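Colleague: Per TrEMBL, domain 'PROP1-like PPR' is recorded for 531-671. Annotated repeat 'PPR' per TrEMBL: 56-90, 91-125, 168-202, 203-237, 238-272, 273-307, 374-408, 444-478, 479-513, 583-617, 618-652, in sequence order.
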Amino acid sequence: MLEALEHCKDVGEALWPWKDTLNNRERTVILKEQRDWRRAVEIFDWFRRERGHDVNVIHYNVVLCAVGRARRWDLVLMLWNEMHFCGVVPNNSTYGTLIDVCCKGGREGVALIWLGDMCKRGLIPDEVTLSIVLQAHKKAGEFEEAECFFKRWSSEHGRRMGGHPCYNLYTYNTLIDTYGKSGQLEKVSGTFDQMLREGVAPNVVTFNTMIHVLGKHHKMEEVASFVSMMEEFQCFPDCRTYNILISLYRENNDIIAAEHYFRKMKTENLAPDAVSYRTLLYGYSIRGMVTKAEALLKEMDERGFLIDEYTQSALTRMYVNAGLLEKAWCWFDKFHYRMNSECFSANIDAFGEARYILLAEKAFICCLKRKMLSVSVCNVMIKAYGLVEKLDEACGIADGMEMHGILPDYLTYSSLIQLLSTAKLPKKAVYYLKKMQTAKLLSDCIPYTLVISSFAKNGDLSMVECLFTEMIASGIRADAFVYAIIIDAYAEVGNVRKAAAYFGLMKKDGLRENPTICNSLIKLYTKVGYLAEARETYKVLKTLNTGANLYASNCMIDLYSDYCMVKEAREVFENLKVGGSANEFSHAMMVCLYKKVGRFDEAHRICKEMQCSGLLTQALSYNSAIQMYVSGGRIGEAFIIFKKMLASKTPLNDATFKALKVILMKGGTTKAEIKKLELLRRNNSHDCLYQWYLALSSAV
């Protein structure tokens, strides 16, 4: 019959001798043996037309499988509807077939709909269908649903079978993989142990899955244990096993172990495939192992293995990072004719990140000529120009995108806004912010934050307010970072009213204080002398579990110093010392405070601490020490500090000379001589410091 069907196109003519004797089993075999789904459908249609050739559910199942594998979903539905019309009741196998072909055809969602229909009819999937359903849930990332379905199936199956269900190897492998992909390592190990207890011998797929799952969770000791276990079970590693091991050890930064398995693969007479070579080659590339990478490339050429685009761009980056620019360009040039847009992006980025802008431009031009330009390529070119501060060129790329039929995306605009804002060009950044708004790409406050921050640094607070108002009006919610920038900007200029207003808005918006905002407020309150408000904010800062910030603590010492509050200042200072964070400013402020209240012994002690700890480096500290010794009448020690200041080449400022002038006057230097020294300083005479030094030395 099969020979007749092969040699005769007309089905009726081919099967004429058997038209009255054909039985159901023969009809099933004939349908199953057809290699072309079209021929199967043609024969099936003939069976339905001819009298005495009733088709049953098995025949429908065979044809559903054929058209499903051909992804003719229209025919699948047609046959399904026809079954109902003809009163043919679908069975377990029908649903199993539909679920299987949908999963293999990438229609996992539809497969799960068929499963739902199956369960409504009270049908329980067999174990093969169970595994297919688990695979469908796994591919869709629905790990909880997969687990729930498995538990329901096990419970129902166990009830019907009258005991604990036993699973086949395929089911165990699917379960291990499903649990592994959802990160449930305990269940992975439990399933493997259960499998062994029930006498189901693991195969190479089981071991490969276990090794891969454990390795992805950095359980490398357990990986080694499973590799050893394979020998115990006489289950020999295949090419995939070695590829998994090479990849895992490469990812865990153990290139020596990766090399070991690559070599072992060869000694076991398993020929490494393209994946083996590419995996190890990528490992060499990202570690800059040029010699080994080139040796492996030579081997790949000899075996006729092609480089994939992912590895190609990694090799370009390797040559660039090694400073082998000629090789890097030759390598790029060799492959650019078959690169896709993504690969062009990676290569341009390799040149751009290393600031080889001319090579990045050349690669970009190649991409243009190949008509492979994309938003990703433009974005990496903008990034490259940004790294070398060629902002006009970066803007030119964005402005010319639409001419090539490419629309800028969120990253395009946000990159430009960041570059321009950082370069203190906020007005230009606003232009791209408006374009971003027009393109409806503004989904968060980050672009606004960048521009607001730039205007704040420039001191343009009217634009800060304007942009903030615009942002809120457009429905974009401000975060704590935006508020921190604005509050800090007003703190810089001492505007308590505005800073407090934005702080109130922030709290109304449901946002909590953070250390940055507290620091800004303390800075503001210190500047305007608001002691109570500063203390309250400092108290809040200490409750934020970040430890009192050094900057805020120094502000508090400064403020307490203004109010001559020795006890409070000393408490903050001692806490900083205990935490090991008291810096030069902390010490200098305490010196000023003790000098102010006439406690020169305490001030002298802190000065000594500063000198011993190497905290006497800045003009403020030197000036505090000199002024303190002068006020305490210890002219000789003041002069010693001055000499240290000169030796450290710390620039002297007005406060320094003011203190030195007091030393001269106390040492009996005449007003006329002091005027001469001041004239030398005003004229910036080359021997000014030398003359002051001589005069001070004489006075002391």
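Using N, Cα and C of the backbone, Cβ positions are placed for all residues, glycine too.
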Colleague: Just give the helix, strand and coil counts over the repeat 'PPR' (374-408), going by DSSP.
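Modeller: Per DSSP, the residues of the repeat 'PPR' (374-408) fall into 26 helix, 0 strand, 9 coil.
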Colleague: Six or more residues beyond either end and a Cβ under 8 Å away: which residues meet both conditions relative to the repeat 'PPR' (444-478)?
Modeller: 413-414, 417-418, 420-422, 424-426, 429-430, 433, 436-437, 485-486, 488-490, 492-493, 498, 506, 509
Colleague: Residues of the same chain, at least six outside the repeat 'PPR' (238-272), with any C-beta under 8 angstroms of its C-beta?
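Modeller: For the repeat 'PPR' (238-272), the nonlocal Cβ contacts are 204, 207-208, 211-212, 215-216, 218, 220, 223, 227, 230, 279-280, 282-284, 287, 289.
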Colleague: When you scan the chain for residues with a C-beta under 8 Å from the repeat 'PPR' (168-202), skipping those not six or more beyond its ends, what do you find?
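Modeller: For the repeat 'PPR' (168-202), the sequence-distant neighbours (Cβ-Cβ under 8 Å, at least 6 residues beyond its ends) are 127-128, 130-131, 134-135, 137-138, 143-144, 146-147, 150, 209-210, 212-214, 216-217, 219, 233, 235.
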Colleague: For the repeat 'PPR' (618-652), find every same-chain residue at least 6 residues outside the stretch whose CB is under 8 Å from a CB in it, and list them.
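Modeller: Residues packing against the repeat 'PPR' (618-652) from afar: 584-585, 587-589, 591-592, 594-595, 600, 603-604, 607, 610-611, 659-660, 662-663, 666-667, 689, 693, 696-697, 699-700.
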Colleague: Would you mind giving the whole-number mean pLDDT across the repeat 'PPR' (374-408)?
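Modeller: A mean pLDDT of 95 is what the model gives the repeat 'PPR' (374-408).
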Colleague: Determine which residues of the chain contact the repeat 'PPR' (479-513) at the Cβ level, with the cut-off under 8 Å and only residues 6 or more beyond its ends counted.
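Modeller: Here the qualifying positions are 445, 448-449, 452-453, 456, 459, 461, 464, 468, 471, 519-521, 523-525, 527-528, 530, 540-541, 544.
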Colleague: I need to check the long-range neighbours of the repeat 'PPR' (203-237): which residues 6 or more away from its ends have a CB within less than 8 Å of a CB in the stretch?
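Modeller: Distant contacts of the repeat 'PPR' (203-237): 169, 172-173, 176-177, 179-181, 183, 185, 188, 192, 195, 244-245, 248-249, 251-252, 254, 268, 270.
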